[in-house]
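J.: Residues or ranges marked as domain 'Photolyase/cryptochrome alpha/beta' in TrEMBL: 5-134. Sequence annotations record features per position, and here TrEMBL assigns FAD binding site to 228, 240, 241, 242, 243, 244, 283, 383, 384, 385. The annotation site 'Electron transfer via tryptophanyl radical' is assigned in TrEMBL to 317, 370, 393. Among the features that TrEMBL reports, region 'Disordered' is placed at 549-579, 619-681. Positions annotated as compositional bias 'Basic and acidic residues' by TrEMBL: 564-574. Sequence annotations record features per position, and here TrEMBL assigns compositional bias 'Polar residues' to 668-681.
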């Protein structure tokens with residue numbers, strides 16, 4: 001066993017031994033102590049859901065087994081303060097270096113910055129690496145050095161980068177273990193007794209672990225990939241890659257996926273297989289959407305809770321717990337929506353097209369706050385991924401510059417015949433409709449009474465009538481959009497006049513009452529139907545190059561039940577009957593933020609495949625200079641505020657066609673103007 005001077009490799013969402021630059025750096029440096037720290041309370045409202053925790057449990061066991069085969073094992077720690085636990089591991093092992101791989105969500109950026117700051121102060125060398133993306137977000141900018149604001153422009157730049165993504169690294173042959181005699185592992189508990197029975201069913205369909213991820217990738221590339229372009233829309237069969245949980249937990253390297261798929265692309269191009277080439281282009285674009293989700297999250301750190309287009313904060317969302325309950329229980333009266341929600345609850349999985357259907361219904365027909373839906377996805381999906389989910393829900397809600405038009409409602413009946421033409425998907429998850437003829441399977445309310453009786457269906461009894469009529473929903477949506485634009489115009493006039501008048505009472509509304517353990521972040525958005533109570537305040541987050549809407553909480557304010565000020569964002573919360581786990585009273589790692597450096601004030605699945613990209617491109621990356629992998633530091637970077645406040649127009653080459661309501665209101669089509677700080681290593 002090696003003594004002092006070892007290196008800590010801090011595992012997070014990179015649970016693999018191949019193409020893991022932090023692990024490779026640690027092995028090259030000498031003896032290694034592999035550490036995983038479980039601190040879910042730090043995630044605040046995004047405490048991992050049941051199925052996500054089940055996956056993590058088995059993925060960690062798989063990683064530990066792999067490390068043992070190489071000569072060491074995984075040290076696990078249970079914590080409420082990750083950085084403090086890292087410091088304890090350093091002291092108990094005598095480590096002189098810490099290696100880890102980058103994450104890009106706002107909380108991880110805060111945590112990573114603090115880890116570097118605290119450990120550097122203790123004389124520990126800290127180095128971090130890119131293991132989750134093809135290119136780092138700060139390396140992909142437009143001709144003026146500014147971040148892209150549409151996917152089409154971003155992806156075009158990705159495909160024309162002057163150097164290819166780096167090739168994946170081989171796993172180490174052997175790992176010299178560090179001395180962990182004074183650093184015992186903690187037992188991590190990821191599920192309670194009540195959850196074990198439900199979780200047992202997951203193992204029938206899924207096999208967590210990095211080597212199983214590689215098997216799934218190989219099976220997809222040698223099987224469904226060639227017909228991906230033709231079959232990806234079918235909801236009644238496994239036509240997508242099913243790689244998103246493996247990618248989320250870092251069991252699978254995105255660089256490996258990219259390289260292997262590109263090899264297939266070259267082979268099929270040489271064979272003249274145009275269908276295969278088209279499939280590769282579409283699949284790589286889905287990988288590109290995952291990359292874009294991290295890119296958006298890095299450049300707009302609160303995209304998971306705030307609309308990227310400023311006028312959307314005036315949209316009058318409907319706060320209706322009855323609607324929300326019917327949606328998540330699969331009792332809306334629209335068969336395709338209900339089948340999708342029941343599959344989600346039963347399996348923790350949804351086909352990407354069904355994700356679009358149920359989320360669009362949630363936002364457009366029910367007009368519920370999109371953050372509620374995103375949070376429910378987080379609590380129930382195996383591949384719950386904050387960045388991908390935020391991108392998907394912002395896209396559906398029309399809050400992206402190239403997002404789906406908010407004034408367009410997709411009729412679930414027509415979507416049913418598009419994605420489930422034979423009704424097999426609906427019959428599988430809605431057995432009460434199993435005997436209904438295909439002609440009526442997606443709109444049973446129109447079926448003759450004799451047909452319903454023969455199928456054993458009594459609408460309003462064993463299957464609900466539609467919760468909201470589509471025509472009524474369209475009218476209500478137009479009214480809401482009209483109200484939104486009126487409020488936005490009044491706000492703009494008020495700002496031009498330097499007054500607060502014109503914002504109206506709606507902007508001063510307080511968020512809807514929900515239990516303390518189920519909080520969802522909301523901005524100042526008018527709401528309908530329910531009164532809104534007071535929300536809690538958050539302390540400033542001191543972190544480079546990200547923005548925050550948080551109002552600073554003075555040091556003497558230690559209670560979590562704090563008054564809000566006029567400048568704060570109102571927070572709408574998920575209703576209490578949502579099934580989730582949350583550490584009540586913990587807000588975005590308050591302990592970490594209380595001890596963080598305060599010298600600067602801040603104002604602040606594959607991939608989910610949620611977005612159907614209209615444009616297909618086959619531009620190939622050119623080979624160029626390789627960049628140094630080791631010790632990559634986040635560069636100092638401070639773009640001007642104007643970079644994020646330009647007027648943007650709909651782009652027909654973007655994620656979807658241009659948004660008509662944005663074309664009618666070009667003065668409001670602006671990204672919110674977040675201020676940013678320099679980025680440091």
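Cβ coordinates come from backbone N, Cα and C, glycine included.
Caution: TrEMBL annotation is automatic and unverified by curators.
Walk me through where these features lie, including what they touch and how far apart they are.
T.: Same-chain residues at least 6 positions away in sequence with a Cβ under 8 Å from that of residue 384 (FAD binding site) are, in sequence order, 48, 49, 52, 248, 377, 378.
Counting every protein chain shown, the Cβ of residue 370 (site 'Electron transfer via tryptophanyl radical') has 25 other Cβ atoms within 10 Å.
Of all the Cβ atoms in the protein chains shown, 26 others lie within 10 Å of the Cβ of residue 393 (site 'Electron transfer via tryptophanyl radical').
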J.: Note the mean pLDDT of the domain 'Photolyase/cryptochrome alpha/beta' (5-134), expressed as a whole number.
T.: 96
J.: Out of 317, 370, 393, the recorded sites in the record, which is closest to residue 228 (FAD binding site) when you go by Cα distance?
T.: 393
J.: Checking the contact step here: among the recorded positions 241, 283, 370, 393, which have a Cα within 10 Å of the Cα of residue 317 (site 'Electron transfer via tryptophanyl radical')?
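T.: Those near residue 317 (site 'Electron transfer via tryptophanyl radical') - Cα within 10 Å - are 370, in sequence order.
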